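A quick write-up on the structure given underneath.
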Amino acid sequence: MSTEFTCRICCLGAGYVGGPTMTVIAKMCPDIKVTVCDLSERRIAAWNSKSLPIYEPGLQEIVEGARGKNLFFSTDIDAAVREADIIFVSVNTPTKKSGIGAGQAADLQYWELAGRHIASIAEGPKIIVEKSTVPVKTAAAMARVLESNSKFAFEVLSNPEFLAEGTAVEDLLRPDRVLVGGEQTPAGLAAIDKLANIYRRWVPTEKVLTTNLWSAELSKLTANAFLAQRISSINSISALCENTGADVDEVAHAIGVDSRIGPKFLRASVGFGGSCFQKDILNLVYLCRSFGLPEVANYWEAVITMNNWQKQRFAEKMVSAMFNTVSGKKIAVLGFAFKKDTGDTRETPAIHVCEQMIKEGAALSIYDPKVTVEQMNYDLGSPSPDKVCMEQDAYVACAGAHAIAVLTEWDEFKTLDYSRIYTSMVKPCFVFDGRNILDHAKLRQIGFQVFAIGKSFSNETVLD
């Protein structure tokens with residue numbers, strides 16, 4: 001075994017969290033060997049190629065700079081676990097689909113399997129780092145699984161991720177904070193210090209926070225709940241704006257300059273998506289109900305209710321604006337990912353809006369610069385080609401359409417030649433800007449009838 005490395009890290013799970021996190025650790029700590037493992041041969045092959053399985057700005061360059069030096073991607077989980085000093089567990093923890101807590105509680109089957117496997121093959125003491133988003137007290141359960149299945153001592157830490165897809169590399173290189181939680185025992189504190197010292201190599205000491213296990217676990221759920229709450233709050237106001245003549249962007253700016261509130265996550269939209277917000281809030285709701293706190297559970301559940309209503313409201317607005325029918329009409333959908341700069345479609349609002357349009361009889365032509373055709377087909381249940389067509393060009397997608405729905409805030413959509421697009425569409429032409437990124441005044445001058453979130457449709461529309 002090579003002795004050139006001062007520490008060996010293994011990560012179970014080569015997804016949106018594990019891959020970028022380990023890549024940045026490898027970049028910033030060249031004396032640490034980092035091995036990212038996954039059961040999927042296809043995923044690992046992609047990490048070892050020039051076509052990474054996920055898209056993040058700047059990630060490809062960092063991977064290529066460290067891969068084969070101190071960063072490795074492998075399906076040989078056993079070998080990586082055996083040699084590792086620190087093991088990150090970054091497996092999927094989706095919402096349960098059946099059984100007790102279905103629809104709200106986290107499904108921890110992959111997490112438990114990972115713990116049992118580590119215990120069965122470990123040849124010495126390890127530090128286990130909980131990287132997956134999990135319920136409070138999950139680390140204690142992991143410790144019990146490990147202790148019951150191995151003769152070696154393990155210290156379990158909680159090190160939640162606070163990444164935003166699309167800015168993950170930047171978030172890892174210059175984080176607002178790094179949180180490490182562990183048992184408040186001599187062994188636990190030593191483990192906390194060992195992991196914290198790795199992050200302190202490039203993160204200022206004051207930004208590396210240490211807590212007990214339960215505080216670290218709850219902090220992750222709470223952070224996502226608060227961020228989602230802000231989006232649902234401004235989206236609720238957007239509906240009021242549309243009925244009063246107020247402009248939601250002006251309202252958001254007016255309250256955002258208040259230093260007590262701040263401007264972040266106050267962009268009204270068709271709704272939030274992604275792998276974390278809804279899942280984590282539902283997890284929080286389930287925890288609250290489990291501990292006999294129905295009022296707290298209802299409070300946070302309302303954030304999800306508002307988000308679902310916003311997506312449905314947007315779809316209904318599309319139908320009502322187009323003379324109460326979209327049957328037989330072609331709608332160009334620009335953007336399918338849940339946000340720009342990622343190919344991730346988990347919980348994307350585009351799925352709900354597209355499904356509603358299909359139910360109403362519309363034909364969809366979808367374009368997204370990073371989402372694969374296979375992924376879109378999967379998300380929409382493999383619709384028939386006469387109902388949904390995935391295009392590789394925005395102009396092709398819009399040609400012959402009655403309406404455009406902007407569902408992801410990709411920058412390239414701001415610079416399209418909408419005069420050219422207008423001439424290729426069926427008149428009257430509608431634009432439904434679900435992200436408020438377009439120049440609405442210019443679109444109206446061209447001849448489009450424009451609906452934007454949180455702006456009066458009747459005042460903006462110029463009828464032919």
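Glycine residues also receive a Cβ, built from the backbone N, Cα and C atoms like all the rest.
Pulled from TrEMBL, these are the features on record:
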- Cys276: active site, nucleophile (ACT_SITE)
- 13-18, Asp38, Arg43, 91-95, 132-133, Glu165, 276-279, Arg346: NAD(+) binding site (BINDING)
- 332-440: domain 'UDP-glucose/GDP-mannose dehydrogenase C-terminal' (DOMAIN)
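The two recorded residues, Thr95 (NAD(+) binding site) and Cys276 (active site, nucleophile), show a Cα separation of 10 Å. On the 0 to 100 pLDDT scale, the model's mean across the domain 'UDP-glucose/GDP-mannose dehydrogenase C-terminal' (332-440) is 97. Note: the domain 'UDP-glucose/GDP-mannose dehydrogenase C-terminal' (332-440) comprises 36 helix, 19 strand, 54 coil (DSSP; helix = H, G, I, strand = E, B). Calculated from their C-alpha atoms, the gap between Cys276 (active site, nucleophile) and Asn92 (NAD(+) binding site) amounts to 11 Å. Sequence-distant contacts (6 or more apart, same chain, Cβ under 8 Å) of Asp38 (NAD(+) binding site) comprise Leu12, Gly13, Ala14, Gly15, Gly18, Ile44, Phe73, Thr75. For Gly13 (NAD(+) binding site), the count of additional Cβ atoms within 10 Å of its Cβ stands at 25 [all protein chains shown]. Following the DSSP three-state reduction, the secondary structure of Tyr16 (NAD(+) binding site) is coil. The DSSP secondary structure for Glu165 (NAD(+) binding site) is coil. Shown are the binding-site residues Asn92, Thr95, Gln278; the one with the most C-beta atoms within 10 angstroms of its own C-beta is Gln278. Summarising the environment of the residue listed as 'active site, nucleophile', the number of other Cβ atoms within 10 Å of its Cβ, over all protein chains shown, is 25.
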